[in-house]
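K.L.:
From Swiss-Prot, for reference:
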DOMAIN    2-148  domain 'Globin'
MOD_RES   SER4  phosphoserine
BINDING   HIS65  O2 binding site
MOD_RES   THR68  phosphothreonine
BINDING   HIS94  heme b binding site
Amino acid sequence: MGLSDGEWQLVLTVWGKVEADLAGHGQEVLIRLFKNHPETLEKFDKFKNLKSEDEMKGSDDLKKHGNTVLSALGGILKKKGQHEAELKPLAQSHATKHKIPVKYLEFISEAIIQVLQSKHPGDFGADAQGAMSKALELFRNDMAAKYKELGFHG
């Protein structure tokens with residue numbers, strides 16, 4: 001299930017584009033997540049009151065959280081699968097405090113792929129999409145394993 005060196009290079013190359021505007025990309029990812037899967041919004045007390053896409057686009061808190069999400073994910077991706085130290089506290093908080101089901105990690109992975117496709121079509125062709133999908137699946141599988149260790153079956 002691991003990625004080849006070439007696949008990791010594709011992932012990290014496109015991630016460099018994301019890092020040029022983490023907050024903007026993160027905001028778009030969260031907006032897409034909430035639009036495609038409105039039930040996910042219920043997990044975010046801070047954002048439950050945001051009903052329209054315009055309200056979401058105008059929310060500094062949403063932009064800040066998008067930055068936080070993609071910053072954490074970037075730190076994990078840069079470890080090229082050797083992300084145990086980064087993953088453990090993330091899994092702990094998402095399982096015990098926030099109670100985010102693994103299914104929602106799939107939903108946000110889809111949103112990330114969609115945002116990258118729309119914002120970076122020239123840098124996110126089929127090979128890069130395949131590599132990113134594999135990297136995000138590895139992340140989700142490892143999060144799910146940590147959840148299980150913590151006794152969370154979300």
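Each Cβ is built from the backbone N, Cα and C atoms, and glycine gets one as well.
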K.L.:
According to DSSP, folded down to helix, strand and coil, what is THR68 (phosphothreonine)?
P.N.:
helix
K.L.:
Within 10 Å of the Cβ of HIS65 (O2 binding site), how many other Cβ atoms can you find? Include all protein chains, please.
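P.N.:
Result for HIS65 (O2 binding site): 18 other Cβ atoms within 10 Å.
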K.L.:
Count the Cβ atoms, other than its own, that fall within 10 Å of the Cβ of the residue listed as 'phosphoserine', considering every protein chain shown.
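P.N.:
Within a 10 Å radius of the Cβ of the residue listed as 'phosphoserine' lie 10 other Cβ atoms.
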K.L.:
Cβ distance under 8 Å to HIS94 (heme b binding site), same chain, sequence separation 6 or more: which residues?
P.N.:
ILE100, MET143, TYR147
K.L.:
To the nearest whole angstrom, what is the C-alpha distance linking HIS65 (O2 binding site) and the residue listed as 'phosphoserine'?
P.N.:
31
K.L.:
What are the helix, strand and coil residue counts for the domain 'Globin' (2-148) according to DSSP?
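P.N.:
When I sort the residues of the domain 'Globin' (2-148) into the three classes, I find 114 helix, 0 strand, 33 coil.
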K.L.:
Pop the mean pLDDT for the domain 'Globin' (2-148) in here, whole number is fine.
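P.N.:
A mean pLDDT of 96 is what the predicted model shows over the domain 'Globin' (2-148).
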K.L.:
Return the residues near THR68 (phosphothreonine) by Cβ distance under 8 Å, restricted to its own chain and a separation of at least 6 in sequence.
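P.N.:
Expected: GLY26.
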